[in-house]
Amino acid sequence: MNRNFSFPRRTSSDTQLDKVQGIKGASVYNIHGLAGSQGSLSIPPIHRDVPGYRGSNEFILSDDKKTTMDQLREIGPWCRRKYKSIFRKKILYKRVPVLSWLPKYNGEDAIGDLVAGFTVGLTVIPQALAYSSIAGLPAAYGLYGSFLGCFIYILLGSCKDVPMGPTAIASLLTFQVTNGIWQRAVLLCFLTGLVELLMGLFALGFLIDFVSGPVSSGFTSAAALIILSSQVKDLLGITAKGNTFVEQWQAILVDIHNTRLGDAVMGFTCIVVLLLMRLLPRVKFGPPEVEDQSLLQKIMNKTMWLVGTARNAIIVVVCGSIGAAFYNNGQMPFKMIGDVPKGLPSVQPPPFYVPEVKDANGTITQEYESFGDMLGSFGSMLIVIPLIALLEDVAICKAFANGKPVDATQELIAIGVSNIANSFVQGYPGTGALSRGAVNNASGVRTPFGGLYTGIIVILALLFFTPYFFYIPKAALAAIIIAAVIFMVEVRVVKPMWRSKKTDLIPGIAAFIACLALPIEYGILVGIGLNVVFILYHAARPKLHLDQLITPCGIKYLMLTPDRSLIFPSSDFVRNLINKHGLKNQTPVVIDCTHIYGADFTAAQVIDTLIKDFKMRNQMLLFLNLKPSVCNVFEGAELEYRVFYDIEQLEKAIQEIRRKSFQA
């Protein structure tokens, strides 16, 4: 970006005055801006016989500073410019992506979206039923949150592969906040959607940049183990409750003697079958190239792929049929999910309170909670859940972006509006699921319109198939979840991380352990906090390159080059290093500021102290290539310093000052 600098213009009277005083004319140095632009900078003398720039209030490098009244007058025009820039056709197409791809929609797109939408629909129904148990909610609530968001995402979503709906991690976070109370879950859906929408409108998608890869891997791996642990009770047919990993296993071990044989056999059998079916898409008949395969081979390959992809739906149908066959007037060999209300949910605002509930004996089984009580119980999760939802969603977008940029802000708007809409049909928080996104992509989805068919399949399931959901064993749903989340434990990243940078393992392992031992939001904060500490430590300990140089006349001097900007954590460290080298060498010291692109007031104060330290020792301290923005900071702090922008002039100044000191 080009910057315009204001400098005092020298007149003929100034030149005459210089002659009278015996001061040489100012040297002209080139300043290279960030964009490579060059500007001519007239530098007043720092000494009667030494050209250079002596920092003082007499010469201030400025950016055409304006008065407060001038800035206030510009508010109106600025608002009008922003209004015109926002309400443009380009912005409209960017924030409503359907306007870009819908006019180009064709028959091939329709076929690709139909196949993908149908395939994802077969995946989302069993997942929605299973994820509801993770959230501690009745099975219907998973389906309620799986159709309207799909329709909204068609309009606002920027990625064709994102299938909006419940996810394993979102369900886990929902359970830890709501403890299985559906009113809390629905209100949480509304509020998280609102936060996501506001974050999108204020372009806060960059916040996910503060969650590093190691922390994300540690959190995801811990969440996978927590989810897996939460399903062990259904896998064994026992009763166990707990929010953290430790609490869950303590409860499991207490009740493990009540394991039901039927549930355990069905659960472990389903896990084995699901893992084997997962391999089916890799089985290929005939030549590796599709063009060389016969029609029969193509059909067999597509069939194997479809069976492997729809394995969850197949397991649900088969196990549901087994459950129905063995069901006998209330006698169930397996624990089943029970009644699922038939039909679509009623459209109504999310509940803003939890009613008091009493049993037949008049005992209160559920306390009344006001909106304030519910809001207080959500706490930091109102920030954590939107961030994690964005992480999951952006992970899908990046995985299938094929080099295209990912608009995190638009994704925040899309999932935010989707969650707000879902809360009006009694859904709980959701986002894009990576497993369904992979199915969507592999199925040949062409546009976000595939979500229409997924949503329609969920609606049909609610309208016609809910009576049959009664017979689905909980052990089968637990097996579906366990067979999916074991691949979320990211063990494979440890080895390359160890080879690449071992210290990156520290925040990752810390986040992993903290998420297992503490409530999961604290675990994430531990990982992010450690990352920030590493970043601050890195910023507070810049590297200082040391060069011993000699002027053409044989005067030795020391060139010190910091490798980054001067900010308050690093100021004292840099001062001590420079003082140390200055005392050791007792030669003129030059600080090369080529890599210093910014400074703050604290750094300016420390540099002022450093200048005084050198002055007390009668040791020369000069600056080279000081950026205009840093000059502004130093000038504002009223520093007395000498800066040069040409190595020849610098060495001439060193020689001249040394000569003057010998003469004195």
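Cβ coordinates are placed from backbone N, Cα and C, and glycine is handled just like the others.
Summarising the annotation, TrEMBL assigns domain 'STAS' to 558-657.
Annotation source TrEMBL lists transmembrane segment at 110-129 (among others).
For 135-156 (among others), the entry in TrEMBL reads transmembrane segment. Residues 95-98, 124-125, 127-129, 162-166, 171-172, 174-175, 178-180, 182, 185, 189, 337-338, 340-341, 345, 410, 413-415, 417-419, 421-422, 424-430, 448-449, 451-452, 454-456, 458-459, 461-462, 466, 469 of the same chain lie 6+ residues outside the transmembrane segment (135-156) yet bring a C-beta within less than 8 angstroms of a C-beta in it.
Same-chain neighbours of the transmembrane segment (185-208): 135, 137, 141, 145, 174, 177-178, 350-352, 374-375, 378, 381-383, 385-387, 389-391, 394, 407-424, 426-430, counting only residues six or more beyond its ends whose CB sits under 8 Å from a CB of the stretch. For 185-208 (among others), the entry in TrEMBL reads transmembrane segment.
Positions annotated as transmembrane segment by TrEMBL: 264-283 (among others).
Among the features that TrEMBL reports, transmembrane segment is placed at 304-327 (among others).
What TrEMBL lists as transmembrane segment is 374-391 (among others). Among residues of the same chain six or more beyond the transmembrane segment (374-391), those with a C-beta under 8 A of the stretch's C-beta atoms are 169-170, 173-174, 176-177, 183-184, 187-188, 191-192, 195-196, 199, 205, 207-208, 211, 216, 219, 352-354, 408, 411-412, 415-416, 419, 429-431, 520-521, 524-525.
Annotation comment: TrEMBL describes 450-470 (among others) as transmembrane segment.
For 476-494 (among others), the entry in TrEMBL reads transmembrane segment.
The transmembrane segment annotation in TrEMBL covers 506-537 (among others).
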By DSSP, how many residues in the domain 'STAS' (558-657) are helix, how many strand, and how many coil?
54 helix, 18 strand, 28 coil
So what's the mean pLDDT when you look at the domain 'STAS' (558-657)?
84
Positions on the same chain near the transmembrane segment (450-470), where near means CB under 8 A and six or more residues out:
112-114, 116-118, 120-122, 124-125, 128-129, 139-140, 143, 146-148, 150-151, 153-154, 157, 160, 163-164, 320, 324, 336-344, 440, 443
Quick one: do the transmembrane segment (264-283) and the transmembrane segment (506-537) have at least 3 Cβ pairs under 8 Å, skipping pairs fewer than 6 apart in sequence?
no
So if I exclude everything within five residues of the ends of the transmembrane segment (506-537), which remaining residues of that chain have a CB under 8 angstroms from its CBs? That is, six or more out.
172-173, 176, 210-212, 214-215, 217-219, 221-223, 225-226, 243-246, 379-381, 384, 388, 497, 569
